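> Quick one: structure below, then a few questions.
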Ligand code: NAP
(Lines of atoms letter the chains of each structure in order from A and count residues from 1; the text may use other names and numbers.)
(Lines give C-alpha, C1' and ligand atoms only; values in the text may rest on other atoms or scores of the structure.)
Protein backbone atom coordinates (compact mmCIF):
# COMPACT_ATOMS: atom_id res chain seq x y z
CA UNK A 1 0.00 0.00 0.00
CA UNK A 2 1.44 3.43 -0.88
CA UNK A 3 2.01 5.72 2.08
CA UNK A 4 -0.77 8.33 2.47
CA UNK A 5 0.54 11.85 2.12
CA UNK A 6 -0.61 15.20 3.30
CA UNK A 7 1.16 17.46 0.82
CA UNK A 8 1.78 21.06 1.83
CA UNK A 9 0.85 23.60 -0.84
CA UNK A 10 3.60 26.21 -1.18
CA UNK A 11 1.39 29.24 -1.71
CA UNK A 12 3.34 31.71 -3.85
CA UNK A 13 0.54 34.27 -3.90
CA UNK A 14 0.57 34.56 -0.11
CA UNK A 15 4.35 34.78 0.12
CA UNK A 16 4.49 37.32 -2.73
CA UNK A 17 1.98 39.49 -0.81
CA UNK A 18 4.17 39.31 2.29
CA UNK A 19 7.29 40.25 0.32
CA UNK A 20 5.43 43.04 -1.48
CA UNK A 21 4.41 44.52 1.88
CA UNK A 22 8.05 44.43 3.03
CA UNK A 23 9.11 45.98 -0.29
CA UNK A 24 6.56 48.77 0.20
CA UNK A 25 8.12 49.64 3.56
CA UNK A 26 11.58 49.59 1.98
CA UNK A 27 10.48 51.92 -0.85
CA UNK A 28 8.93 54.30 1.70
CA UNK A 29 12.28 54.48 3.51
CA UNK A 30 14.15 55.07 0.25
CA UNK A 31 11.71 57.77 -0.85
CA UNK A 32 12.43 59.62 2.40
CA UNK A 33 16.07 59.71 1.26
CA UNK A 34 14.96 60.95 -2.18
CA UNK A 35 15.63 57.59 -3.82
CA UNK A 36 12.69 56.53 -6.00
CA UNK A 37 13.20 53.07 -7.53
CA UNK A 38 12.30 53.40 -11.22
CA UNK A 39 11.49 50.54 -13.61
CA UNK A 40 11.11 50.91 -17.38
CA UNK A 41 9.28 48.06 -19.11
CA UNK A 42 9.49 47.50 -22.86
CA UNK A 43 6.67 45.57 -24.49
CA UNK A 44 6.96 44.90 -28.21
CA UNK A 45 3.79 44.00 -30.12
CA UNK A 46 0.40 42.82 -28.93
CA UNK A 47 0.92 39.32 -27.54
CA UNK A 48 -2.01 38.97 -25.07
CA UNK A 49 -0.08 36.77 -22.62
CA UNK A 50 2.83 39.25 -22.55
CA UNK A 51 0.37 42.08 -21.89
CA UNK A 52 -1.01 40.20 -18.89
CA UNK A 53 2.51 39.53 -17.55
CA UNK A 54 3.47 43.20 -17.94
CA UNK A 55 0.23 44.32 -16.28
CA UNK A 56 0.90 42.07 -13.30
CA UNK A 57 4.42 43.45 -12.98
CA UNK A 58 3.33 47.08 -13.13
CA UNK A 59 0.50 46.43 -10.65
CA UNK A 60 3.11 45.11 -8.21
CA UNK A 61 5.16 48.30 -8.77
CA UNK A 62 2.05 50.36 -7.92
CA UNK A 63 1.52 48.39 -4.72
CA UNK A 64 5.07 49.05 -3.56
CA UNK A 65 5.52 52.64 -4.71
CA UNK A 66 8.09 51.83 -7.40
CA UNK A 67 7.86 54.35 -10.24
CA UNK A 68 7.27 52.57 -13.53
CA UNK A 69 6.66 53.27 -17.15
CA UNK A 70 5.57 50.84 -19.87
CA UNK A 71 6.90 51.52 -23.35
CA UNK A 72 4.70 49.95 -26.01
CA UNK A 73 6.64 49.44 -29.23
CA UNK A 74 5.07 48.25 -32.48
CA UNK A 75 5.32 44.60 -33.55
CA UNK A 76 7.43 45.65 -36.58
CA UNK A 77 9.98 47.72 -34.63
CA UNK A 78 13.48 47.16 -36.03
CA UNK A 79 16.43 45.78 -34.13
CA UNK A 80 18.23 49.13 -34.50
CA UNK A 81 15.27 51.13 -33.19
CA UNK A 82 14.94 48.88 -30.16
CA UNK A 83 18.69 49.04 -29.47
CA UNK A 84 18.63 52.82 -29.71
CA UNK A 85 15.70 52.98 -27.29
CA UNK A 86 17.54 50.80 -24.77
CA UNK A 87 20.63 53.02 -25.06
CA UNK A 88 18.44 56.03 -24.26
CA UNK A 89 17.11 54.30 -21.13
CA UNK A 90 20.63 53.23 -20.15
CA UNK A 91 21.75 56.85 -20.24
CA UNK A 92 18.93 58.14 -18.01
CA UNK A 93 20.28 58.35 -14.47
CA UNK A 94 16.85 58.14 -12.87
CA UNK A 95 16.11 54.74 -14.51
CA UNK A 96 17.19 51.90 -12.20
CA UNK A 97 15.71 48.90 -13.98
CA UNK A 98 15.05 47.98 -17.62
CA UNK A 99 12.90 44.97 -18.42
CA UNK A 100 12.30 43.76 -21.97
CA UNK A 101 9.28 41.46 -21.95
CA UNK A 102 9.98 38.21 -23.81
CA UNK A 103 9.29 36.73 -26.31
CA UNK A 104 10.27 39.25 -28.97
CA UNK A 105 9.14 39.19 -32.61
CA UNK A 106 11.30 37.19 -35.06
CA UNK A 107 13.07 40.20 -36.67
CA UNK A 108 14.55 41.08 -33.26
CA UNK A 109 17.82 39.48 -32.18
CA UNK A 110 16.97 38.71 -28.57
CA UNK A 111 20.59 38.19 -27.46
CA UNK A 112 21.70 41.54 -28.89
CA UNK A 113 18.84 43.27 -27.07
CA UNK A 114 19.65 41.69 -23.72
CA UNK A 115 23.35 42.42 -24.23
CA UNK A 116 22.49 46.09 -24.82
CA UNK A 117 20.92 46.58 -21.37
CA UNK A 118 23.33 48.12 -18.87
CA UNK A 119 24.04 45.17 -16.51
CA UNK A 120 23.49 47.40 -13.49
CA UNK A 121 19.91 48.00 -14.73
CA UNK A 122 19.29 44.38 -15.79
CA UNK A 123 16.72 43.57 -13.10
CA UNK A 124 15.73 40.33 -14.87
CA UNK A 125 19.30 39.08 -14.37
CA UNK A 126 19.60 37.81 -17.94
CA UNK A 127 22.59 39.84 -19.18
CA UNK A 128 25.65 37.61 -19.75
CA UNK A 129 27.65 39.75 -17.31
CA UNK A 130 25.09 39.05 -14.56
CA UNK A 131 24.95 35.38 -15.54
CA UNK A 132 28.74 35.31 -15.18
CA UNK A 133 28.48 36.84 -11.71
CA UNK A 134 25.89 34.21 -10.83
CA UNK A 135 28.23 31.49 -12.08
CA UNK A 136 30.95 32.93 -9.84
CA UNK A 137 28.55 33.13 -6.88
CA UNK A 138 28.88 36.94 -6.81
CA UNK A 139 25.49 38.09 -8.14
CA UNK A 140 23.97 41.32 -6.80
CA UNK A 141 20.47 39.92 -7.32
CA UNK A 142 18.98 36.68 -8.54
CA UNK A 143 17.23 36.09 -11.87
CA UNK A 144 13.52 36.48 -11.14
CA UNK A 145 12.03 32.99 -11.46
CA UNK A 146 14.89 31.02 -9.84
CA UNK A 147 15.18 33.73 -7.18
CA UNK A 148 11.47 33.38 -6.45
CA UNK A 149 11.88 29.62 -6.07
CA UNK A 150 14.75 30.10 -3.63
CA UNK A 151 12.58 32.46 -1.55
CA UNK A 152 9.89 29.76 -1.36
CA UNK A 153 12.43 27.26 0.02
CA UNK A 154 13.67 29.85 2.53
CA UNK A 155 10.19 30.85 3.70
CA UNK A 156 9.26 27.25 4.45
CA UNK A 157 12.69 26.41 5.94
CA UNK A 158 13.12 23.62 3.42
CA UNK A 159 16.76 22.54 3.71
CA UNK A 160 18.69 22.30 0.45
CA UNK A 161 22.12 21.23 1.67
CA UNK A 162 22.97 17.74 0.43
CA UNK A 163 19.57 17.36 -1.24
CA UNK A 164 19.32 15.67 -4.59
CA UNK A 165 17.62 18.20 -6.89
CA UNK A 166 16.59 17.24 -10.40
CA UNK A 167 15.69 20.09 -12.73
CA UNK A 168 13.93 19.40 -16.02
CA UNK A 169 14.68 22.18 -18.51
CA UNK A 170 17.91 24.06 -19.18
CA UNK A 171 16.70 27.47 -20.35
CA UNK A 172 18.67 30.65 -19.58
CA UNK A 173 15.63 32.00 -17.73
CA UNK A 174 14.86 29.08 -15.44
CA UNK A 175 16.77 25.78 -15.58
CA UNK A 176 20.38 26.97 -15.86
CA UNK A 177 20.29 29.80 -13.28
CA UNK A 178 18.20 27.66 -10.91
CA UNK A 179 20.87 24.96 -11.02
CA UNK A 180 23.50 27.53 -9.98
CA UNK A 181 21.39 28.92 -7.13
CA UNK A 182 20.68 25.44 -5.79
CA UNK A 183 24.38 24.57 -6.01
CA UNK A 184 25.18 27.74 -4.06
CA UNK A 185 22.90 26.29 -1.37
CA UNK A 186 24.97 23.06 -1.40
CA UNK A 187 22.37 20.95 -3.17
CA UNK A 188 23.46 18.25 -5.61
CA UNK A 189 21.96 19.15 -8.97
CA UNK A 190 21.05 17.13 -12.06
CA UNK A 191 19.76 18.96 -15.13
CA UNK A 192 17.60 17.14 -17.68
CA UNK A 193 16.62 18.36 -21.15
CA UNK A 194 15.02 17.08 -24.32
CA UNK A 195 17.93 14.73 -25.08
CA UNK A 196 18.17 13.25 -21.56
CA UNK A 197 17.51 9.53 -21.40
CA UNK A 198 15.41 7.93 -18.67
CA UNK A 199 14.04 11.07 -17.05
CA UNK A 200 11.60 9.06 -14.85
CA UNK A 201 14.53 7.06 -13.46
CA UNK A 202 16.39 10.27 -12.55
CA UNK A 203 13.27 11.83 -11.02
CA UNK A 204 12.72 8.81 -8.79
CA UNK A 205 16.08 9.49 -7.09
CA UNK A 206 15.24 13.14 -6.43
CA UNK A 207 14.46 14.79 -3.09
CA UNK A 208 13.36 17.85 -5.04
CA UNK A 209 12.00 17.96 -8.60
CA UNK A 210 11.85 21.31 -10.45
CA UNK A 211 9.97 21.09 -13.73
CA UNK A 212 10.43 23.91 -16.28
CA UNK A 213 9.83 22.57 -19.76
CA UNK A 214 6.51 23.99 -20.96
CA UNK A 215 4.70 20.67 -21.45
CA UNK A 216 1.39 20.18 -19.64
CA UNK A 217 1.39 17.38 -17.03
CA UNK A 218 4.67 15.96 -18.38
CA UNK A 219 5.76 14.61 -14.96
CA UNK A 220 3.43 11.70 -14.29
CA UNK A 221 2.65 10.37 -10.78
CA UNK A 222 4.69 7.21 -11.41
CA UNK A 223 7.81 9.30 -12.25
CA UNK A 224 8.27 10.36 -8.63
CA UNK A 225 8.60 8.76 -5.22
CA UNK A 226 6.47 9.51 -2.17
CA UNK A 227 7.41 12.70 -0.31
CA UNK A 228 9.34 14.31 -3.13
CA UNK A 229 9.24 18.12 -3.08
CA UNK A 230 7.77 19.40 -6.36
CA UNK A 231 8.43 22.85 -7.79
CA UNK A 232 6.24 23.22 -10.85
CA UNK A 233 7.39 26.16 -12.96
CA UNK A 234 5.42 25.31 -16.11
CA UNK A 235 2.54 27.50 -17.20
CA UNK A 236 0.65 25.77 -20.01
CA UNK A 237 -2.72 26.85 -21.37
CA UNK A 238 -5.02 23.94 -22.23
CA UNK A 239 -7.90 24.64 -24.56
CA UNK A 240 -8.93 21.08 -25.35
CA UNK A 241 -11.78 19.77 -23.18
CA UNK A 242 -10.71 16.14 -23.54
CA UNK A 243 -7.28 16.99 -22.19
CA UNK A 244 -8.76 18.97 -19.28
CA UNK A 245 -10.89 15.94 -18.36
CA UNK A 246 -7.97 13.57 -18.73
CA UNK A 247 -5.59 15.61 -16.59
CA UNK A 248 -7.87 17.14 -13.94
CA UNK A 249 -11.07 15.05 -14.09
CA UNK A 250 -14.58 16.23 -14.90
CA UNK A 251 -15.35 17.55 -11.40
CA UNK A 252 -12.19 19.62 -10.90
CA UNK A 253 -12.25 23.43 -10.46
CA UNK A 254 -10.11 23.63 -13.62
CA UNK A 255 -13.04 22.17 -15.55
CA UNK A 256 -15.21 25.03 -14.30
CA UNK A 257 -12.55 27.54 -15.38
CA UNK A 258 -12.40 25.85 -18.77
CA UNK A 259 -16.17 26.08 -19.16
CA UNK A 260 -16.16 29.78 -18.27
CA UNK A 261 -13.10 30.86 -20.25
CA UNK A 262 -12.53 28.17 -22.89
CA UNK A 263 -9.14 27.27 -21.43
CA UNK A 264 -7.37 26.63 -18.15
CA UNK A 265 -3.80 26.52 -16.88
CA UNK A 266 -1.79 23.41 -16.17
CA UNK A 267 1.75 22.99 -14.84
CA UNK A 268 4.45 20.70 -16.17
CA UNK A 269 3.60 18.25 -13.39
CA UNK A 270 0.47 16.08 -13.43
CA UNK A 271 -1.84 17.11 -10.55
CA UNK A 272 -1.94 13.50 -9.32
CA UNK A 273 1.83 13.68 -8.84
CA UNK A 274 1.33 16.53 -6.36
CA UNK A 275 -0.61 14.13 -4.12
CA UNK A 276 2.55 12.03 -3.69
CA UNK A 277 4.68 15.03 -2.70
CA UNK A 278 5.55 16.43 0.73
CA UNK A 279 5.44 20.00 -0.64
CA UNK A 280 4.38 21.33 -4.04
CA UNK A 281 3.88 24.65 -5.79
CA UNK A 282 0.46 24.95 -7.46
CA UNK A 283 -0.15 26.31 -10.97
CA UNK A 284 -1.34 29.02 -10.96
CA UNK A 285 -0.39 30.63 -7.62
CA UNK A 286 3.01 29.05 -6.99
CA UNK A 287 6.16 30.20 -8.77
CA UNK A 288 4.45 32.85 -10.96
CA UNK A 289 3.70 35.46 -8.26
CA UNK A 290 7.15 34.87 -6.75
CA UNK A 291 8.80 35.77 -10.07
CA UNK A 292 7.14 39.18 -9.84
CA UNK A 293 7.98 39.62 -6.15
CA UNK A 294 11.64 38.97 -7.01
CA UNK A 295 11.54 41.53 -9.83
CA UNK A 296 10.28 44.11 -7.34
CA UNK A 297 13.08 43.32 -4.90
CA UNK A 298 15.66 43.39 -7.69
CA UNK A 299 14.50 46.85 -8.76
CA UNK A 300 14.85 48.11 -5.20
CA UNK A 301 18.32 46.55 -4.91
CA UNK A 302 19.34 48.05 -8.27
CA UNK A 303 18.25 51.50 -7.06
CA UNK A 304 20.35 51.12 -3.89
CA UNK A 305 23.40 49.77 -5.75
CA UNK A 306 23.24 52.63 -8.25
CA UNK A 307 22.87 55.21 -5.49
CA UNK A 308 25.88 53.78 -3.66
CA UNK A 309 28.04 53.82 -6.79
CA UNK A 310 27.33 57.52 -7.53
P1 LIG B 1 12.14 27.00 -22.80
O2 LIG B 1 13.10 28.12 -22.97
O3 LIG B 1 11.26 26.60 -23.93
O4 LIG B 1 12.97 25.72 -22.35
C5 LIG B 1 12.36 24.49 -22.20
C6 LIG B 1 13.35 23.49 -21.70
O7 LIG B 1 12.68 22.25 -21.53
C8 LIG B 1 14.51 23.22 -22.68
O9 LIG B 1 15.71 23.12 -21.98
C10 LIG B 1 14.13 21.89 -23.33
O11 LIG B 1 15.21 21.07 -23.68
C12 LIG B 1 13.36 21.22 -22.21
N13 LIG B 1 12.42 20.25 -22.72
C14 LIG B 1 11.46 20.44 -23.64
N15 LIG B 1 10.78 19.30 -23.86
C16 LIG B 1 11.34 18.37 -23.07
C17 LIG B 1 11.11 16.99 -22.84
N18 LIG B 1 10.14 16.33 -23.50
N19 LIG B 1 11.88 16.35 -21.96
C20 LIG B 1 12.86 16.99 -21.29
N21 LIG B 1 13.14 18.30 -21.46
C22 LIG B 1 12.38 18.97 -22.33
O23 LIG B 1 11.17 27.24 -21.58
P24 LIG B 1 11.29 28.20 -20.28
O25 LIG B 1 11.27 29.60 -20.69
O26 LIG B 1 12.35 27.71 -19.37
O27 LIG B 1 9.86 27.89 -19.62
C28 LIG B 1 9.49 26.60 -19.21
C29 LIG B 1 8.09 26.64 -18.63
O30 LIG B 1 8.11 27.47 -17.49
C31 LIG B 1 7.03 27.24 -19.56
O32 LIG B 1 5.80 26.61 -19.30
C33 LIG B 1 6.96 28.68 -19.12
O34 LIG B 1 5.70 29.27 -19.39
C35 LIG B 1 7.17 28.53 -17.64
N36 LIG B 1 7.73 29.71 -16.99
C37 LIG B 1 7.08 30.14 -15.90
C38 LIG B 1 7.57 31.23 -15.22
C39 LIG B 1 6.86 31.69 -14.00
O40 LIG B 1 7.16 32.76 -13.51
N41 LIG B 1 5.96 30.89 -13.47
C42 LIG B 1 8.72 31.89 -15.66
C43 LIG B 1 9.39 31.40 -16.78
C44 LIG B 1 8.88 30.30 -17.44
P45 LIG B 1 16.30 21.48 -24.83
O46 LIG B 1 17.16 22.51 -24.18
O47 LIG B 1 17.00 20.22 -25.10
O48 LIG B 1 15.49 22.01 -25.96
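Our numbering is plain: 1 for the first residue shown, then up by one each step along the chain.
Note that Cβ sites are derived from N, Cα and C of the backbone, with glycine treated the same way.
Pulled these from TrEMBL:
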BINDING   169, 170, 171, 235  NADP(+) binding site
DOMAIN    10-124  domain 'Tetrahydrofolate dehydrogenase/cyclohydrolase catalytic'
DOMAIN    143-306  domain 'Tetrahydrofolate dehydrogenase/cyclohydrolase NAD(P)-binding'
> Please list, for the domain 'Tetrahydrofolate dehydrogenase/cyclohydrolase catalytic' (10-124), how many residues fall into helix, strand and coil according to DSSP.
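Going by DSSP assignments, the domain 'Tetrahydrofolate dehydrogenase/cyclohydrolase catalytic' (10-124) contains 61 helix, 18 strand, 36 coil.
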> Would you give the longest CA-CA distance, in whole angstrom, between residues of 169, 170, 171, 235, the set recorded as binding NADP(+)?
16
> What is the pLDDT of the domain 'Tetrahydrofolate dehydrogenase/cyclohydrolase NAD(P)-binding' (143-306) when averaged and given as a whole number?
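Summarising the domain 'Tetrahydrofolate dehydrogenase/cyclohydrolase NAD(P)-binding' (143-306) by its mean pLDDT gives 98.
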> Would you mind checking how many other C-beta atoms are within 10 angstroms of the C-beta on residue 171 (NADP(+) binding site)?
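Result for residue 171 (NADP(+) binding site): 15 other Cβ atoms within 10 Å.
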> Are there any residues in the same chain, six or more apart in sequence, whose C-beta is under 8 angstroms from the C-beta of residue 235 (NADP(+) binding site), and if so which?
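Spatial neighbours, sequence-distant, of residue 235 (NADP(+) binding site): 214, 265, 267, 283, 284, 288.
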> Compile a sequence-ordered list of residues in the same chain as residue 169 (NADP(+) binding site), six or more apart from it, whose Cβ lies below 8 A from its Cβ; state 'none' when nothing qualifies.
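Same-chain residues close to residue 169 (NADP(+) binding site) (Cβ under 8 Å, separated by 6 or more) are 175, 191, 192, 193, 210, 211, 212, 213, 214, 233.
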> Any same-chain residues 6+ apart from residue 170 (NADP(+) binding site) with CB under 8 Å of its CB? Would you list them in sequence order, or say none?
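Looking at Cβ-Cβ distances below 8 Å from residue 170 (NADP(+) binding site), excluding near sequence neighbours, one finds 176, 179, 191, 192, 193.
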